[in-house]
């Protein structure tokens, strides 16, 4: 058996999924060294990020990763695999959160080894950064937390790419300060992600002017095409959304100069355990990506 990852951070407790829900991690757990670099991607190709919202099971990760690998082979892309080990910002205390830090990162490491995909995940607290940085090429900072100095500093110090999602209450130009925090703390590469702004209660709209504004701050601006169609907390104890608008969000962002695109995908989105109403059907991803190349 391969060497297990060593995690030294101590995590506060939170509700864990049952084995029947979360699945089991693959046996081969040797971590590949994170040597793949952003610079290796083909020139003029957009950054592409895709994966399920949350780690539901090893089987789901393998299904999605296999499809992404096939798309990469056919289209010559370099899709980065994304899934969350912990959805710490769910609407309800009783909502599914994921397998947790140690088990979740091991499952992501297995995806990396099996499918030769770059990996990203989101971190919510500074103590998670070091362990996540041992597995991931890109550390994602959630939109609600993009002003949290300690989180940005910890992510920057890992040496990984730091992808900061723009808060729903900030303009693109306001992101100069999170970018400064990350860069001055040692981040060698910073990305920004647009994911919409609050429009009254329980609704988001996208001001696409934020994309060129953020391109003045960093060369890589990613459009989050699925979270931007959310209707936050508009369901019965959960966030809902309008999946039908995902392709339009992507194409509009391309017109405004976005240099990356992020899609949460699932083979059966309506049965997903988080963001079910927003995730794109996995079968539709390749066609949409083809329009963005």
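Using N, Cα and C of the backbone, Cβ positions are placed for all residues, glycine too.
TrEMBL assigns the feature region 'Disordered' to one of the listed ranges (1-28, 29-56), namely 1-28.
The average pLDDT the prediction assigns to the domain 'DAHP synthetase I/KDSA' (42-288) is 93.
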